[in-house]
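Below: one structure, written as structure tokens.
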Amino acid sequence: MFKQTIAVTSMNLRALPQRLGISLVIVIGIAVTVAVLVSVGAMATGFQKTLSNTGRDDRVIVLRGGSEAELSSTISRDNTLTILDAPGVKRDADGKPIGSADMVAIVSLPLKASGSGANVTLRGVGPKMPVLRPEIRIVEGRMFTPALRELIVGRGAVKQFSGLDLGSKVSFRDADWTVVGIFESNGDAHESELMTDIETALSAYRRNLFQSVTVMLESPEAFNAYKDRLTTDPTLGVDVKREPDYYAKQSQGLKKLLDLLSFGVGGIMALGAIFGTLNTMYTAVSSRGVEIATLRAIGFGALPVVVSVFVEALALALIGGALGAIGAWIFFNGNTVNTLGANFTQVVFNLTVSPALLVNGIVWACVIGVIGGLFPAVRAARLPIATALRAG
Amino acid sequence: MNAIVTLQNVTKRYTRGKQTVEVLHGIDLEIAQGDFVALMGPSGSGKTTLLNLIGGLDQPSTGSVAVAGERIDSLSGSRLAKWRARHIGFVFQFYNLMPMLTAQRNVELPLLLTSLSASQRKRNAEAALAVVGLAERARHKPNELSGGQAQRVAIARALVADPTLLVCDEPTGDLDRSTADEILNLLQVLNREHGKTIVMVTHDPKAAEFATHQLHLDKGKLVGTTATSTTAA
Ligand SMILES: Nc1ncnc2c1ncn2[C@@H]1O[C@H](COP(=O)(O)OP(=O)(O)OP(=O)(O)O)[C@@H](O)[C@H]1O
Ligand SMILES: [Mg+2]
């Protein structure tokens, strides 16, 4: 039985090149499906990686109570001082708390890709920002000077928007701002931002309210006590979150969307590929109806026939799956993509095609091949021999 | 007389939708070992249907079919497949060779169902090709062979496992006169010199003359049996 199966299957596979056109339908259909699945997955993975890179366990972000994001939060100057001064906040050599009360505003700049305007986050940061966020490294130029309309710009924002190169001038709030430095930040969400001195930002926007306060704690364990102290103070009315929790929450919406996308779009495409495979395999089987019937007349069993059709579908699916996965990897891995992130501004992140995603893509291909091959295989084996021979 | 094929009161009905058509009506038939039987009759008279019952490709609606000492009218599909592999060699009008296999590989196919080793299979296939006079075409693919050569390869394939019975459905139906005669001569040699029992469906009265016996089928009934005087042994 084994020998028969091998013989029929290998004969079948060797004949594949003669059915190149029809086989390509399966291969391409599955390749495209897998490429889409893998690239949507790469988006989700990359986005999550970007946001989970943002934040440290010993850093805390304080927002007005009930505010999910910085833009909808306001904190008064008095309260920012209380938040920064509360026990549990780490202090620098000069005795001052390591923290930054930030102002966040939205600036519309032209995208490099389309030229159309898109939102980018402008963040005014306090003087302790470099100590608070040691991951922010100026890679070109220098730090902004307080009281001057100078900006440092994240690497991601430079890539995504035009006119942000070192030395260029950016106009908003009726003034020209000079880009004096470009920074990297481990590819986290801040790399898509513009930063300037807090007081300069507040005066340009004629504001006296802050959006958030970020502090560094003495240790991650100090969190609960610090949080209790702030949330039980009725004059403050704030929410206190560890940075990683905050950014995880921020990414939830998009993550859900991407999951929906991969299951929705991916599912529909997979369904299409299944029907394509079914259709093609039915055609392949019926075009070989006489061949199959002849083999069975000679005495070959039904099982080898089923297996051979099945293996053919699976082999084509695997080729398609591998092409799709490799294609997605070549074209998308490491590509940057921007999307609406926190604050409805653009977050730049890298598409990440992980090995798990590749495996996942191949598994999808196999599922499509199995379903698309099974029914034609069974039909091939069940067709009465005498009938199939007449069809020739 | 040593009967290899015995049919008793065989009917065959086809059901298509709600309509049932009886194609064979109460056939009784015996074929002795060593016979070369030509089965004749007008188109649609049931020749292929009857041949399929003898070859175990199909089963009767009623009646009994015993071939090569076994009742095959009620065997299960998989037992019937094994039985065919052991006892029947098929030759078809359009050869039905596997297009991607060489002549040699085509002939070897039935041997894959035996316990022969690869080298024995190869040797037997070569021998069968030699019998049909195509030893030097072993490496050719079917599309590199003429119709007559392809049919010889098909005959070699039908012979190679040394079946009890050769079953041929219009083996010369697609060939010109002289090529057809060559094929018929070959079948005659297989019958006379190798003792093969052969049942052959044909439209062609000239082809039927190569056989030892002629059966005539008309509208699903056997209407006469003649021993062919000119070529009978
Ligand atoms: N699967 C089937 N379903 C219904 N009717 C069938 C089926 N197979 C054959 N028939 C009918 O049975 C009758 C006999 O067919 P068969 O093929 O045995 O004739 P034949 O003598 O071999 O004809 P030909 O010389 O044209 O090959 C025909 O009327 C045919 O239409
Ligand atoms: Mg016929």
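Here the Cβ of each residue, glycine as well, is placed from N, Cα and C on the backbone.
Here is what TrEMBL says about this protein:
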DOMAIN    A:23-231  domain 'MacB-like periplasmic core'
DOMAIN    A:265-384  domain 'ABC3 transporter permease C-terminal'
TRANSMEM  A:20-47  transmembrane segment
TRANSMEM  A:257-278  transmembrane segment
TRANSMEM  A:314-332  transmembrane segment
TRANSMEM  A:352-375  transmembrane segment
The domain 'ABC3 transporter permease C-terminal' (A:265-384), counted residue by residue under DSSP: helix, strand, coil: 95 helix, 10 strand, 15 coil
Under 8 Å Cβ-Cβ from the transmembrane segment (A:257-278), and at least six residues away from its ends along the same chain, one finds 25-26, 29-30, 32-33, 36-37, 40-41, 43-44, 47, 313, 316-317, 364, 367-369, 371-373, 375-376
Taking a Cβ cut-off under 8 Å, which residues six or more beyond the ends of the transmembrane segment (A:352-375) line up next to it in the same chain? 26, 30, 33-35, 37-39, 41-42, 45-46, 49, 266, 270, 273-278, 280-282, 309-310, 312-318, 320-322, 324-325, 328-329, 332-334
On the domain 'MacB-like periplasmic core' (A:23-231), the mean of the pLDDT values is 91
